[in-house]
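I have placed the structure first, in the form of structure tokens, so that the comments after it can refer back to it.
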Amino acid sequence: MEPPCTSDCSQIKVFYYLDDETTPYVSVIEAREGVATLGNFKNSFTKRGYKYYAKELDPDIQREVKVELTTDSDRLRKSQNGFYEIFLVSTPGYGTLPRNSGTMTRPQRTALDKRRRRSADFDATPYSDASLAPSTIVSRRAGEHLAELYTSNSEDPYQYDEHTRRTGDDSSLYEPLAARDMNKIYDDDRRRKKQKKERFRRPYVPSTISSATESSVNSGLPRILEIYLPMKNVPYLGLSVCTIDGHIFVSEIAPEGAVEKDGRVNVGDQILQVNRVSFEELSGPQAVRSLREAASSKRPITLYISKFARGAPSEYDDPLASMASETMPLDVGVWVETAVQNTEKMKALGLDPQEQTATTIDDGTLPFTSTASDDEERMLYDQRRNGIPRALIEEAERKRENEQNEKIEQLTEMIDPIIVVRSMARPDSGLAVKNRKWLKILVPMSFIGRDLVDWLVDHMADIHNRKKARIYAARLLAAGLIRHVVSKLTFTEKCYYVFGDGILGNDRNSTDTTGTSGTTMRVEATTEVTYVGSPAPHALAARVGRNIPHRLETTTLSPVAHDQTWLRRRRDCESPMTNDYASMVGESQIGMNPVGNYHVFGTKNNHRQVPAPSQVTSSSLTNGSGGLGGPPPTPLSSTMVLAASPIQSQNAVNHDFDGENSSNSRTRILRT
């Protein structure tokens, strides 16, 4: 009942509109001396989160406009119709949660307050009447009902309550807590007090609870304040803090400090952030150290304070005792972001967040409903509290990589060729890529052209024959994605090839034959006979006759001797007269002069002594003493010395002409 007005007090009827509603609401307020202010209207209208406007005649456009009322002392104006009219426009994202969300209902909070005060006359059945408890929808994500125990009086939030191991819905979540025998709870609480508390704060597991009562939002959830302290004309910050379960709370406010002069910080408020340093991921000592550094810097400080709604001061003596017994886990960033997103979604659907007082969800349609077992729920709960183990993160990364590989389309000629080359360069591609030897020269990480053609036919979706595969391989060679060992420009199946630069990793592209484990890598050498030069042609072989074998003699020159004639001696690898792999260097030029039925190094008219093939040295061939001109032969050059013997025991024949008796010649047989 409204108190009677005095002589200087009068009642004024005010009509107000909420948002876009056309039907006004009426409220009777008291005004002194006939002057009504916004503060008088707020005394009767207790909802917050609105902007207030009144109609006023604008002299410029000669029409009524809506003028915002910002302070409580602003006077209410009459419209042209002679009535007091106020237009209320809701503020988007006001507070931290939509109006249809909350925590515990008022009877439930009352029960928990009585438990904290250890009252002997506790009413154990406040939920017996189902009509008194509003319907509450709880999103039952895996392990989330365990987190709800964090709001109880238990000092061990990780204790698993057997009464909550169920998958019921609606308003039955808190019923076992209220209907339990209080003597047993007190004994359990006293035993748990002896256990060592967790020193670091735990991550918050958010839960979504929708209630039909609006008072639970206004009085149950904290308000976040941003307080700016200039620190100019004050001697110190004047703030003492304490840590409770990893959270930072104000324990004392010193007089004449910046906090006392501001007046908005009270004992028991939680400090969430100082300047740009958030306390959500810091331990208690780290947060206190950050606060001490900010206070000693003598610079302006911005505090983010969480103020919990409490009852009258007479209900309890120490505010910190209440905070210690009821530590509410809070993730402010996720909280605010979720609230704004839900509000915007409701507006997009044409729903008014302020008018949604209840949410009805059919059975089995909860978006995060989980049918996991108790062990799975406990595992998921531990992961969300303590973080996901490294092994699970690596397994998830491997699974994601495998899924991405499955999404890659099949290898075709239309995709980037470098993808094809990298696919064949993988260790499990099926292409034989390994270290090989050719003419005692190490060819690291090479493969044969024939194997490449086979791989393309097997793995390319649009290549079905070897001819098309050879054409595609030639394109890879021309693009530089694969390279010939001796820089040939045409592709053949009988040559060695290596990958281009950047295809193989550093661990596989290295020329070092030592593996990562410290052992020597096995190098494969070709088992086929490798000729330095070509065998004798068929016509020349017929002239040799008598089953006289010929052999190739090499010199003592270094295999890396400089030779400038390789450009004109490069031939195709597929010559039928040459060996498959040795033909990369070209054919040999056989210099011979038939004398009788065997080959000699000189004739009768040549009086210069020619050394035996086994005695030919680089100096004798270079200065022309060997009787053969041209550049010095090497094992990789085409100018070689050929000696044939009529004796099958591999004897080298050399005619040594005596200068004194030119008519008599003698043959000396040198055994090689």
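The backbone N, Cα and C atoms fix where each Cβ goes, glycine too.
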Region 'Disordered' according to Swiss-Prot, located in which of 150-174, 500-524: 150-174
Segment confidence, the domain 'DIX' (9-91), expressed as mean pLDDT: 85
The domain 'DEP' (427-501), counted residue by residue under DSSP: helix, strand, coil: 24 helix, 20 strand, 31 coil
The domain 'DIX' (9-91), counted residue by residue under DSSP: helix, strand, coil: 7 helix, 45 strand, 31 coil
